[in-house]
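The structure appears below as structure tokens.
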Amino acid sequence: MRKGQTPLVCLTAYTTPIARLVDRHCDIVLVGDSVGMVLHGLSSTLGVTLDMMITHGQAVRRGLVRSLMVVDLPFGSYEESPEQAFRNAARLMAQTGCAAVKLEGGEKMAETIRFLGARGGPVMAHVGLTPQSVNTFGGYRVQGRGDDAERIRRDAGAVTEAGAFSVVLEKVPEPLAKRITAEIAVPTIGIGASLACDGQILVSDDMLGLFSSFRPKFVKRYAELGDHADAAIAAYAADLRERRFPAAEHLYANETKAGGVT
């Protein structure tokens, strides 16, 4: 993975059609456990299961040609022990064809990251705001302010030393993310972090305007597809109620026309 060069372009995907779109432009595609909130209507990522990640990982794999695919290990699938983490990471990799897994946590997860790496399981680490720990943090709060900055620095250093090939920095102060990026040897992937990070990631549905339950400060909307979809569905409903659809061009004749077209 490149560091200090052209920024790595990263987005999430959960379905084959979106995977095909992002694959044209992205270096890394993450099948994130955010799928639970974005597609399944959950209030957090805590209810996401390994089977859900496998199903969505398989769908995304079918849509990718060039991008590196990473899949999240969901809450409860890796924290118990390195052995548990390896069993579930191996299952994810075998059944989805992903190149690596992502797990949340810093110093406490270093042993697990080292264990997976020694057994052929590449790991993308995730420090700062870790959504699976939202209840511990008391909400989706910025992490690493004031004295807490040293904790985030230690976390980033520990997962790097343990063998993580990249580190996601989420919702931390910009100066801290910039400093960590300069200090560690592997690429940092920012989400609400710093322009200085080696790459950036967003949830595709956020940046496309498809997810509106809440909108983090760090999200830039590049489109408002939700509004366009709402207008299209409203137009469809109006056409049906006024009996304008289906029109003649959408229906089939009783006889075959010249050339075999019906």
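Note: Cβ is positioned from N, Cα and C throughout, glycine not excepted.
Since this is a predicted model, take the numbers as computed values, not measurements.
Under 8 Å, Cβ to Cβ, and six or more positions away along its own chain, GLU170 (active site, proton acceptor) finds HIS126, VAL127, GLY128, LEU129, THR130, PRO131, GLN143, GLY190, ILE191, GLY192, ALA193. Per TrEMBL, active site, proton acceptor is recorded for GLU170.
DSSP assigns SER34 (3-methyl-2-oxobutanoate binding site) to coil in the three-state reduction, placing it in neither a helix nor a strand. For SER34 (3-methyl-2-oxobutanoate binding site), the same-chain residues 6+ apart in sequence whose C-beta sits under 8 angstroms from its C-beta are THR12, THR45, PRO131, VAL203. Marked as 3-methyl-2-oxobutanoate binding site by TrEMBL: ASP33, SER34, ASP72, LYS102.
The Mg(2+) binding site annotation in TrEMBL covers ASP33, ASP72, GLU104. Contacts of ASP33 (3-methyl-2-oxobutanoate binding site) defined by a Cβ separation under 8 A and a same-chain sequence distance of 6+ are given as THR45, VAL48, MET53, ASP72, PRO74, PHE75, PRO131, GLN132, in order along the sequence.
Other residues of the same chain near the 3-methyl-2-oxobutanoate site, with their Cβ within 8 Å of the Cβ centroid of ASP33, SER34, ASP72, LYS102, are THR12, LEU30, VAL31, GLY32, VAL35, THR45, VAL48, MET53, VAL71, LEU73, PRO74.
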